[in-house]
Each structure stands twice: as C-alpha cells, then as structure tokens.
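Enquirer: Dropping a structure here in structure tokens format, bear with me for questions.
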Amino acid sequence: MAIGAFAEGALADGGEGYSGRVTPFVVLSCVVASSGGILFGYDLGISGGVTSMDSFLKRFFPEVYRQSQMQDTKVSHYCEFNSELLTMFTSSLYIAGLVATLVAASITRRYGRRVSMLIGGTIFVAGSVFGGAAVNVPMLILNRILLGIGLGFTNQSIPLYLSEMAPPRYRGAINNGFELCISLGILFANILNYFVIKITAGWGWRISLSMAALPAAFLTIGAIFLPETPSFIIQHDGDTNKARILLQKLRGTTSVQKELDDLVSASNLSRTTQYPFRNIFKRKYRPQLVIALLIPFFNQVTGINVMNFYAPVMFRTIGLKERASLFSSVVTRLCATFANIIAMMVVDRFGRRKLFLIGGVQMILSQFTVGAILAAKFKDYEDMDNEYAYLVLITTCVFVAGFAWSWGPLTFLVPAEVCPLEIRSAGQSIVVAVVFLMAFVIGQIFLEVLCSIKSATFFVFGGWICLMTLFVYLFLPETKKLPMEQMEQVWSRHWFWKKIVGEKVEKKQANSGKTALSL
C-alpha cells in the first residue's frame, strides 16, 4: 500500500456513539472566543500599514522616510525600508508573546481557558492606549510588548477552548472560525489604514493603533459571560453533574453519556500528569511533540507574515504609491477572507491533509512566480512597470488564498486536536511559542534578507513550502471527525508513527477488552 494511503489512515466516522448538533449556545460561545483572533489579525494588518505611512515614518523613523522618498539615489529599491529600529517595532511583539504564552500554559491549565482570555484581552486594551498616545519610539515598543503579552494569552487559550467546546463532527469548521477572525482583523486594519491616510494633519496612524482596543474590549467583556469547557470542569472540579448539564446544553440533547465518559477518562489520566511540559517529551507523546513543533514552524516559513505585516511596504517597494499599496493590501485580504470561509465549509468534509496539500502546491507556484517576476522585471533603481506590479498583486492574492484555506486555520486546529488532555495546554503553548519565535525571526531579518538576496527571497520561501508539503504527505495522519479523546488511534494506524506508539495503543486496547469481558 502506498505511503500516502497509510498516512491518510481511513478512520471510522468520528464521534461514533456521540449525539448532538451545533446549538445556538455553542455557536454564541465560540463566536465570542473566536473574536480573539481579530486581535491577532488587527495587529498584523495595522503594523504593516502604519509602517508604510509617510506621516508615521517621518515622525518616528525619519531615515526610512528619506530612503522611501528616493532622496538617496544610492539606495536600492530592495533596501528602502531596511531599518533595524523599524523591524524592532514590528517584531518586538513576538518575543513578548513567546514568553507570555509559556506563562499562559500554567494559568490555562490551573484556572481555565476563560481566565487566560480575560487576562489577554485586558492587557491588549492597555497596549492599545500606549500605541495611540505614543510620542516616541520607546512608547511604541511598550505598546508592542503589551500587545504581545495579550496575544500570548489569547492565542494559547482560544484554540483549546474552541476545540473542547465543538462537537467532534464540526470541530474543524468551528476552530477555523479563529483563523477567519484573524483574516477579518487584518482586513479591518487594512481598510482603516486606507481611510485614515486621507487625514491631512498626519495623525491617522494614532486612530489605527488605538482602535485595537475595541476588539480587545469585546473579547474581555464577552469572556466574563462565557462558560468553561466541559473538559476543564471535569479536570479542575471533578463535577461530572455540572459537566453533564453543560454538555446537554452545548449538544442540544440529553444523550451525552458516551462523550462524558470519554471526558472523565481523559481527565483521570490528566490528573496523573503533574508536569505537562516535561511529559510531552516522553516517547509516547513523540508524534504530538513533532506536530506541535513543526506545524507552526512551517506555518511561518511560508512567508505569510511577510505578506501580512510587510505587504504595504512590499507593494511600495515595487513602485506603488502610498494609497495604492494600502488598497492592494485590502484586495489581498479580501481574497484570504473568502478562502477562510471556503475552508470552514469543506475542512470537515475533505479533511485536513487534502487542504494542506492543495494549499501547499498553490503557495509553491505563487512564491516561485513572484520571485521570477521580480528577478526579470524589477531593477534596483527603477520602478517596476504597473502591469507587472499588479501581476505581483494577483499572484500574492493566489498565495494568501492558498494559505487561508490550509496552513492558516490548520496550524492551530491540528495540534490542539491531536494532543490528549494531560498535555494539551503544554502542546498549545509550544505551538504559539514557535509561531511567535519564528514570526520574530522572520520579521527581524526579512527586510535585511530582501536587501541582500533580493528576488531570491521568494524562492527560499518556495523551497520551504516544498519541504513542508512533503512532510504532510508522509507524516501527518487524517484527524477529521474523530473525538479528541480517541485521537491516539490515528498514530497506531499510521505507517511511520505506529512504530513508536502502536504497541502502547494495542496493549491498552487489549487490556480494555479483557476488562470488558471480565465485567
């Protein structure tokens, strides 16, 4: 049998023995939680937009402004925005987020998903205030650090919350709502940047930075009224009656005993694990650790954050003017948002692997095409012809659409659903930490790399996407519709991972069978 067929790992229809449907209560709870994605997306879109505004650059980064206005004809187009201070403003958020998410893991495990959301939303509001009131670069950096701490808490807790609240059959679609909110946040930010640039007094960037407080306040207030997840209630309180009542409300049925039994079993195992970060490195959790490390790593080396927070800068680099570059970012984000909606509709039908593979091929072709156009038509000291600049824009739209229905939403979904309860918070923290670390590294070096190797930058990204697409084909099993508490069977059926965990699962199943016969 082909390796790909083994990797696909045909599974029985998920949630066998589970009852229920998607109720208005679970939708409302997940909508409030997913709104935390708007925080992440808004920040990605705003930071790229304001760093392309002349008024913002003139006030805080005058050297970059001078180069962008072509007052120094010795500076290559590829190097116009290359500034260590500017990249520090953009990427300092991610170091703060990396540290915060490791702290958030302990809080999420001990005090619940809601508490982490509340902490993250509150700190994000404070950061927005400093951004809108900034009068110097240190205030801008403090703004970024506070936003990073807020995102560290929300990005760690929200995917867990969504995965644990959703019915197994629709977990992919509901969890993808987080990525849709990220995309909407970027879209709102790009639209706002496009309109505030018209403020002739030059303070429109203050509106852009301070408006981040609105989605943060919505999440913070909404989280006060959210229920905790059934998994956490059982794990923390041991109150199965309370969990049963919540499950019945979430699933819209009284037949929840099978799901409740699985949650209790997972919780009992979780209580025996005192040190999740230490235990996730054990051999039996090797597949989950590899997924938690490599999936977010590959997410970042696609080059998506280059498109997210450097898109306006990149479009200005190739010759588009200030407003045209911001409008181009709006267009690319509309394409991504539409692709996110498609992903929500098909992820539980087609599965995770197919979306990973289709999106990977789409992104490979896009990155190589952009690199080829820039290599052939973009010179160091001459603007690119408009027709080629807009061809880059179209190709970028194809790229972000491919990411938006594959690696974007699935990066947070797949690790959250494959990690058992006892290491789930640790696994999600690793995912967010890797995302933030790689976002920092790429944000810090991209402009320098672009200046140094120019169009070859996009061929490097394309090469990484080839590698990660091969990884998915060979090593990632399908997880659609399977309950999270039964996820270990995907590893025992996989051609590679069964060598590591197969024997453990088989022994556990054999012991369960003996116990059932004795009863």
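Glycine residues also receive a Cβ, built from the backbone N, Cα and C atoms like all the rest.
In case it's useful when we look at the structure, here is the feature table from TrEMBL:
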DOMAIN    29-480  domain 'Major facilitator superfamily (MFS) profile'
TRANSMEM  85-105  transmembrane segment
TRANSMEM  117-135  transmembrane segment
TRANSMEM  141-162  transmembrane segment
TRANSMEM  174-197  transmembrane segment
TRANSMEM  203-226  transmembrane segment
TRANSMEM  289-311  transmembrane segment
TRANSMEM  323-343  transmembrane segment
TRANSMEM  355-376  transmembrane segment
TRANSMEM  388-414  transmembrane segment
TRANSMEM  426-446  transmembrane segment
TRANSMEM  458-476  transmembrane segment
Enquirer: Are there at least 3 C-beta pairs under 8 angstroms linking the transmembrane segment (141-162) and the transmembrane segment (203-226), leaving out pairs fewer than 6 apart in sequence?
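Expert: These two stretches do touch.
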Enquirer: Report the listed stretch (117-135, 323-343, 388-414, 426-446) having the maximum count of Cβ pairs within less than 8 Å of the transmembrane segment (174-197).
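Expert: Stretch with maximum Cβ contacts: 323-343.
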Enquirer: Counting Cβ pairs closer than 8 Å, which of 85-105, 141-162, 323-343, 355-376, 388-414 has the most of them with the transmembrane segment (426-446)?
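Expert: Answer is 85-105, with the largest number of Cβ pairs below 8 Å.
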Enquirer: Given pairs 6 or more apart, does the transmembrane segment (458-476) have at least three Cβ pairs under 8 Å with the transmembrane segment (85-105)?
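Expert: Contact criterion not met.
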Enquirer: Report, as numbers and ranges, every residue of the chain located at least six residues beyond the transmembrane segment (388-414) whose Cβ falls under 8 Å of a Cβ in that stretch; write 'none' if there are none.
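Expert: Residues packing against the transmembrane segment (388-414) from afar: 155, 159, 163, 171-172, 175-176, 178-180, 182-183, 291, 295-296, 298-299, 302-304, 307, 311, 315, 318-320, 328, 331-333, 335-340, 342-344, 346-347, 352, 355-356, 358-363, 365-367, 369-370, 373-374, 377-378, 431, 435, 468, 476, 479.
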Enquirer: For the transmembrane segment (323-343), what are the same-chain contacts with Cβ under 8 Å, counting residues 6+ beyond its ends?
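Expert: Contacts with the transmembrane segment (323-343): 45, 48-49, 52, 176, 179-180, 183-184, 186-187, 190-191, 193-194, 197, 307, 311-313, 315-316, 355, 393, 396-398, 400-406, 408-409.
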Enquirer: Same-chain Cβ contacts of the transmembrane segment (355-376) under 8 Å, 6 or more residues past its ends?
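Expert: Residues 302-303, 318, 343, 346-347, 388, 391-392, 395-396, 398-399, 401-403, 405-407, 410, 454-459, 461-462, 465-466, 468-469, 472-473, 476.
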Enquirer: Cβ under 8 Å to the transmembrane segment (289-311), counting only same-chain residues 6 or more beyond its ends: which ones?
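Expert: Non-local partners: 44-45, 47-48, 51, 90, 186, 280-281, 325, 328-329, 332, 363, 367, 396, 399-400, 403, 407-408, 410-411, 414-415, 418-419, 427-428, 430-432, 434-435, 438-439, 442-443, 446-447, 458, 461, 464-465, 467-468, 471, 475-476.
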